[in-house]
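For reference, the structure discussed in these notes is given below.
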Amino acid sequence: MNIRSNPDTTRPAVTTGALPSSQKIYVTPDAAPDLRVPLREIILSKEAAEPNLPVYDTTGPYTDPAITIDVNAGLKRPRTQWVLERGGVEQYQGREIKPIDNGNVSGEHAAAAFKAYHQPLRGVGDSPITQYEFARKGIITKEMIYVATRENLGRKQQLERAEAALADGESFGAAIPAFITPEFVRDEIARGRAIIPANINHGELEPMIIGRNFLTKINANIGNSAVTSSVEEEVDKMVWAIRWGADTVMDLSTGRNIHTTREWILRNAPIPIGTVPIYQALEKCDGDPVKLTWELYKDTLIEQCEQGVDYFTIHAGVRLAYIHLTANRVTGIVSRGGSIMAKWCLAHHQESFLYTHFDEICDLMRKYDVSFSLGDGLRPGSIADANDRAQFAELETLGELTKIAWDKGCQVMIEGPGHVPLHKIKINMDKQLKECGEAPFYTLGPLTTDIAPGYDHITSGIGAAMIGWFGCAMLCYVTPKEHLGLPDRNDVKVGVITYKIAAHASDLAKGHPAAQLRDDAVSRARFDFRWQDQFNLGLDPDTAKAFHDETLPKDAHKVAHFCSMCGPKFCSMKITQDVRDYAAGLGDNEKAALYPAGHVGMTISGVIEDGMAQMSAKFRDMGEELYLDAEKVKESNRALS
């Protein structure tokens with residue numbers, strides 16, 4: 001159930017407790033008996049006569065009744081020990097937190113600082129630090145074992161049945177094995193086709209993997225602005241987003257208290273946290289892009305690396321030479337980071353410092369294993385601008401930068417559009433795979449039409465499902481508030497559920513060997529009128545039950561063999577069940593009266609097959625002519641009867 005923790009003992013208050021009819025379970029992998037990998041088990045009714053269903057779980061300790069949540073203290077940090085055991089790192093006194101890090105806020109406007117402080121770690125020497133470096137050296141890390149276990153969903157015994165059901169999936173070149181092994185994970189990371197975003201300073205993290213040969217992931221954006229929101233609201237939104245299935249969360253804060261907000265989020269986040277560092281750097285120079293400097297930006301990167309941010313969106317592909325390509329666009333440059341860098345380039349008439357200092361950025365991020373999310377600063381902001389030269393020029397540059405980052409030992413994924421009509425989506429996926437060496441693709445939607453403000457979670461969910469099918473590894477959610485305002489708690493939930501649908505639809509279409517198991521479980525519950533199971537197996541049990549209860553609220557209605565859509569007399573599933581029950585109860589004499597002579601005891605398919613054989617013989621007996629005399633046909637029919 002949903003429990004709002006007491007704000008007197010936990011600040012801020014967050015939602016805890018298990019989802020309806022669910023329990024947290026842990027799997028211990030053979031390769032690392034000391035690991036406990038979380039899954040959510042959906043408990044089915046006794047009437048189901050089938051095992052409970054394990055599903056992927058992003059909720060962290062917030063749904064484990066055995067763990068006491070104290071937001072002030074933050075989550076436990078078991079991953080820190082994994083990092084220390086591997087060696088190659090040092091603990092050091094991090095940079096001093098300065099007033100400018102929080103926008104020089106003071107007095108009543110200053111948010112309370114997070115009390116606990118952990119000295120940061122950084123890599124030293126030539127020893128491998130990043131998951132990419134370990135993978136390239138043939139070393140399987142605990143993070144790799146952990147994500148392999150998560151991806152299998154604890155369903156090894158059921159995979160044979162799932163594979164047979166999904167033999168018709170179209171993977172478009174993805175190669176998803178029946179069972180994910182740690183070695184497969186290592187190989188995918190070594191090839192650059194997958195990443196485990198996991199800063200060595202994010203000890204609270206439960207590792208996850210992003211790549212097209214794994215489950216399609218989703219990201220939820222949160223963050224305050226200069227206009228609205230607070231630390232409390234953003235931490236609550238983070239916990240709320242992962243409750244409904246967000247695999248990663250990006251903190252896109254742009255107002256005051258940016259450092260403090262991020263610290264509260266990270267210390268309570270069991271999932272990877274991403275940021276766009278240029279936003280905070282801009283706040284440090286009073287919001288004027290012209291005043292940005294490489295030194296200021298670098299200091300911001302170090303600040304966020306030490307805090308534990310797992311991936312950075314860096315718009316290093318917005319080059320001076322590409323800006324003029326956006327001049328004839330309907331909506332110009334719509335990316336905040338892209339527009340900031342474009343203005344800086346034009347004001348100084350210089351190449352972007354993100355591009356010219358890219359090698360140095362790689363060296364810095366490698367020390368902390370912060371993954372690149374190479375930003376699409378020139379993405380199309382309208383259907384009219386989709387797939388134009390500006391967009392693809394930047395993508396080609398991102399491909400060049402990807403190879404540099406790999407050479408430096410860094411993990412990389414690529415951000416994509418945006419606003420793209422259905423018929424132009426596949427070329428985006430194909431070009432990204434070609435230009436960027438199959439590095440994971442991470443897209444915002446794309447939105448497939450521009451006519452539905454207030455419903456852009458739907459316009460984008462359509463495109464997200466399609467590009468996920470084509471091979472996109474992670475989908476960034478869009479909420480109903482897109483283009484209209486900062487999303488609130490309910491908008492976050494709607495956005496996450498919409499994108500969980502899109503991601504799951506993608507996995508089904510690709511032929512992921514475990515995807516259909518949940519669909520089949522829902523379908524069986526639906527046909528058997530197990531209403532509670534149907535609710536609980538869904539992505540949003542609360543909403544499903546609430547809709548049902550609007551018209552049939554009584555407990556007795558939860559066992560009724562109909563709903564308010566068709567009523568008891570016109571329910572197709574009940575009629576089908578009645579026909580089956582009737583057929584099963586027939587005696588031999590009754591069956592003989594219903595079946596043609598010689599067919600008693602045969603299945604329906606057998607009767608049909610026998611009848612088809614008779615008609616084939618009849619066609620040959622009558623000379624194999626297409627058009628026959630009617631009287632001859634009547635005579636032949638009388639002979640058969």
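Yeah, the Cβs are placed from backbone N, Cα and C, and that goes for glycine too.
According to Swiss-Prot, the feature substrate binding site maps to Asn221, Met250, Tyr279, His315, Ser335, Arg336, Gly337, Asp376, Gly377, Leu378, Arg379, Glu415, Tyr442. Look at Swiss-Prot and you will find His419, His483 tagged as Zn(2+) binding site. The [4Fe-4S] cluster binding site annotation in Swiss-Prot covers Cys563, Cys566, Cys571.
Distribution of Swiss-Prot features across the structure.
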| residue | record | CB count, 10 Å |
| --- | --- | --- |
| Asn221 | substrate binding site | 23 |
| Tyr279 | substrate binding site | 20 |
| Ser335 | substrate binding site | 24 |
| Gly337 | substrate binding site | 23 |
| Gly377 | substrate binding site | 31 |
| Arg379 | substrate binding site | 25 |
| His419 | Zn(2+) binding site | 27 |
| Tyr442 | substrate binding site | 27 |
| His483 | Zn(2+) binding site | 12 |
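Taking the Cα atom of each, His419 (Zn(2+) binding site) and Gly377 (substrate binding site) are about 13 angstrom apart. In the three-state DSSP classification, Tyr442 (substrate binding site) falls within a strand. A distance of 16 Å separates the Cα atom of Gly337 (substrate binding site) from that of His483 (Zn(2+) binding site). Residues Asn221, Met250, Tyr279, His315, Ser335, Arg336, Gly337, Asp376, Gly377, Leu378, Arg379, Glu415, Tyr442, recorded as binding substrate, reach a greatest CA to CA spacing of 20 Å. Here the Cα atom of Tyr279 (substrate binding site) is found 18 Å from that of His483 (Zn(2+) binding site). Between the C-alpha atoms of Arg379 (substrate binding site) and His483 (Zn(2+) binding site), the distance comes to 15 Å. Across the structure, His483 (Zn(2+) binding site) and Gly377 (substrate binding site) are spaced 17 Å apart at their Cα atoms.
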